[in-house]
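Look at TrEMBL and you will find 45-67, 87-110, 179-203, 209-229, 311-332, 352-375, 403-423, 429-450, 471-494, 506-527 tagged as transmembrane segment.
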Amino acid sequence: MATQDEAEKRPAISDTHPKEEVFQLTTREMTKDEDHLATLGYKQVFIRSFGMFENWAATFLFGFAMYTGGPQAAFSNWTMVGGLSTIVSLAMAVGAASLVSLVTQILNIVSGNRCGASYSGAYVLGGQEYGPLLAWLTAWYNWAGWLTIVPGIAQGNTNFFVSMLEILYPTSAVLKEGWFAWCISALTIILAAIPNCVSQWTIRHMLRGTVYTTVILMAFYFIWFPIAASRRGGFQPASIMTTFYNGINTAVDSEGNTILQASDSYCWVVGVLFGAWEFYGYDASVHLSEETLSASSVVANGMWTGSISTWLLSVLTLIMVLFCMQDFMGIVNGTYPNNWAEYLVQLVGRRGAAAILAVTWIDGLLCTGVIFLSAQRITYAVARDGILPFSRTFSKVTPTHHLPVNAALLMVVLTIAICAAVIGSTVAFSAITAAATIGTNLSYLIPIVARQTIGRKHFKPAKWNLGAWSIPVSIIASLYIAFLFVVLMLPQLYPVNAQTLNYAPIVIGGITAIALGGWFLPFPFGARHWFEGPKRTITEVELVGVQVKEAD
């Protein structure tokens with residue numbers, strides 16, 4: 001049965017419902033997860049069939065960047081950012097595990113067993129006065145962040161695929177064409193969307209496939225790489241870990257002299273993006289929570305185990321990659337779309353490099369599907385709460401498998417269009433990835449700050465909470481996100497011109513303008529006149545006669 005606290009959260013049944021109608025309802029059972037979702041005002045529409053393994057996979061695979069600032073900066077920045085992100089994910093897991101509070105602190109946000117929980121948390125913390133605005137902004141930043149993650153991952157995976165083709169067919173001119181890369185990216189997105197529109201079975205096996213391919217890649221890194229390095233040029237000395245390379249600021253004057261336009265310290269700071277572009281999106285498990293069995297515990301475990309395993313494995317992998325490297329400057333000056341291809345050619349030869357890149361592309365395709373899954377779910381969530389235009393259309397689910405296919409179609413159209421905007425432009429691609437990082441992190445920052453300010457009077461700690469560590473963790477998380485925000489706005493290449501300008505501020509400014517514009521538009525269009533926060537999709541009458549059963 002539902003606990004007394006859970007029952008008190010539900011609004012009382014309106015007196016407008018005749019008592020006879022109430023008594024005629026048939027007693028039925030709800031799972032604890034379904035009952036918890038009902039306390040938030042939502043009827044469960046997705047099928048819960050995902051377990052621990054799948055949610056772990058959803059936050060496990062966020063790519064592998066190569067280097068920024070050389071091995072020294074890469075290793076230190078990756079280790080630092082990974083550690084900070086792991087702390088954040090642990091704090092999130094504490095909140096996600098709660099069965100009592102609607103929302104706990106940052107990253108101590110209760111999933112509420114529903115996708116879109118981050119902006120629901122912002123709504124609760126903001127109260128009646130500020131909650132709707134905070135929820136509106138959080139939803140837009142989170143949705144825009146996940147919207148841009150998908151084309152970023154797809155474009156990065158395309159670079160692996162095209163690099164593989166260039167290794168196999170070095171004289172092919174079509175591989176250099178921007179339209180060809182766009183076609184591959186578009187195909188990647190379509191293939192990633194298909195499993196998410198078929199059934200829970202295909203989604204579950206897609207998620208498991210990402211782990212299988214990663215295990216294969218780990219075998220390459222830790223078995224094949226050291227053997228190949230020992231047979232070729234040998235291993236790098238320990239000094240490789242202190243090798244610093246500033247490759248973002250060199251220019252040549254009219255006399256052929258090299259000019260340094262940015263300091264090594266600046267390069268080091270920009271190098272933080274090496275980890276920042278990878279360690280985010282740890283709310284992915286939350287977006288799958290409405291379909292997860294025993295979500296209150298499984299989702300939380302998926303967050304912290306995914307983050308910790310990613311961090312530890314990636315640090316070990318990075319060390320192995322650095323010590324097996326053959327020619328650092330040759331890699332820096334490589335001509336392939338992804339310099340990782342040059343690394344592989346040097347180490348395992350052309351055929352070996354092509355084989356590894358093929359597996360990497362398959363892994364990236366599955367990873368894109370996982371990212372698409374979260375983006376699709378947050379699209380459904382914001383549409384369900386009336387935030388997107390044409391929300392009624394995009395919040396529909398299929399009658400058989402209960403999947404938000406319309407939300408998936410919207411994501412396919414928008415993400416392919418974004419890919420078209422970055423054809424042949426490294427700068428545009430960087431702006432998209434920066435926008436993804438900024439958008440998602442801002443959606444985390446709003447509830448974090450609200451929790452320690454205006455949300456203090458609305459906040460009720462869960463049974464598992466950070467206690468005395470709550471304020472320090474929130475401060476560290478806020479400062480970390482604010483730091484990332486500044487770094488992501490900085491130019492990443494010099495000299496700064498139309499071709500090297502960082503367009504991330506323009507992208508984020510556009511998202512902010514859309515969100516605020518949609519809020520302050522005159523009546524009846526402005527959301528401030530009608531948006532009251534997350535909508536209830538379950539009626540009080542539907543809760544009468546419900547018995548909550550224990551999970552199996």
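The backbone N, Cα and C atoms fix where each Cβ goes, glycine too.
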Do at least three C-beta pairs under 8 angstroms join the transmembrane segment (403-423) to the transmembrane segment (179-203), pairs 6 or more apart in sequence? yes
Answer key: the stretch among 179-203, 209-229, 352-375 with most Cβ pairs under 8 A to the transmembrane segment (311-332) is 209-229
Per the Cβ filter (under 8 Å) with a sequence gap of at least 6 from its ends, the transmembrane segment (352-375) is approached by 57-58, 61-63, 146-147, 149-150, 153-154, 156-157, 160-161, 163-164, 167-168, 188-189, 191-193, 195-196, 203, 206-207, 209-210, 213-214, 216-217, 220, 224, 228, 281, 283-284, 287-288, 340-341, 344-345, 408, 411, 415
